[in-house]
Amino acid sequence: MNETIPGSIDIETLIPDLMIIIFGLVGLTGNAIVFWLLGFRMHRTAFLVYILNLALADFLFLLCHIINSTVDLLKFTLPKGIFAFCFHTIKRVLYITGLSMLSAISTERCLSVLCPIWYHCRRPEHTSTVMCAVIWVLSLLICILDGYFCGYLDNHYFNYSVCQAWDIFIGAYLMFLFVVLCLSTLALLARLFCGARNMKFTRLFVTIMLTVLVFLLCGLPWGITWFLLFWIAPGVFVLDYSPLLVLTAINSCANPIIYFFVGSFRQRLNKQTLKMVLQKALQDTPETPENMVEMSRNKAEP
């Protein structure tokens, strides 16, 4: 027997929506702080440009989540047609952008470790800015064309074979991003544990590893289901699956928490500002033995 509360709101709908709103508000605050500090208070390096754009994508993605969950709780209905298409297209754009930024961060870090001379001497100065612009434009273009070919943008135009081919392309693109993310991460881990005795943990390395891990656990399932379920059960609106949406909200909320945790680890918080904590979390140089982060031990290295 299904439980309901006054106002005929289903508990199974209420709980996920409330969780999304709670995680969303926490994530909005955290990502807004990260964006403000990186955008206006800190000198931006190659990695910080990507993290700035990732924070923006997570902020907007959570904002869409909160709007959608609030509409569900208040029992409103989003207008049909172009408005609904734009709203859900924005969510997809932000998801693809977030995955692309994370893949770019991991790849950039991998290049800096495996090819340090080329990276520091020959890498074009504005590569990060150009890559971020390309990622935003490409993500937007992919989702708009998907809506056009599959009839979401124009109900009079729908070609199943073209729509199917385009969905295969999008799935292949997401798979490519996932493979790049995994391979670059594995290369970093192999380099750390097997290839270089003089390579030590840095806080930036720990931050990237934790961010990738959280995405694989919380962000990836929605992307897989979103595209693969089209072939298993055509016509099912995957974006409405509440557990996956809660996981994506956790994923977008987690990054600022990771930055705070890594940046404040073994530090005296009463003497740390948020800017100092964020700088520590994104620090790319090994610390002194007394303060080095040792993730596999409970004590600092003597």
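Just so you know, the numbers here start at 1 and follow the chain as drawn.
A Cβ is built for glycine as well, from the same backbone N, Cα and C atoms used for every other residue.
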Going by Swiss-Prot, do Asp17 and Asp284 end up on one side of the membrane?
no
Grab the same-chain neighbours of the transmembrane segment (130-150) for me: Cβ-Cβ under 8 Å, and only residues 6 or more beyond its ends, written as numbers and ranges.
49-50, 53, 85, 89, 92-94, 96-97, 100-101, 104, 124, 157-159, 162-163, 166-167, 170, 173
Cβ neighbours of Asn159 (N-linked glycosylation site) where a neighbour is any other Cβ within 10 Å:
12
DSSP-derived helix, strand and coil totals, residue by residue, for the topological domain 'Cytoplasmic' (39-46):
4 helix, 0 strand, 4 coil
With a Cβ cut-off under 8 Å, give me the same-chain residues at least six positions beyond the ends of the transmembrane segment (82-102) that come close to it.
50, 53-54, 57-58, 60-61, 64-65, 67-68, 132, 135-136, 138-140, 142-144, 146-147, 152-153, 173-174, 177-178, 181, 211-212, 215, 219, 222-223, 226, 239, 248, 252
With Cβ-Cβ distance below 8 Å and at least 6 positions apart along the chain, what are the contacts of Asn68 (N-linked glycosylation site)? List them in sequence order.
Ile20, Phe87, Lys91
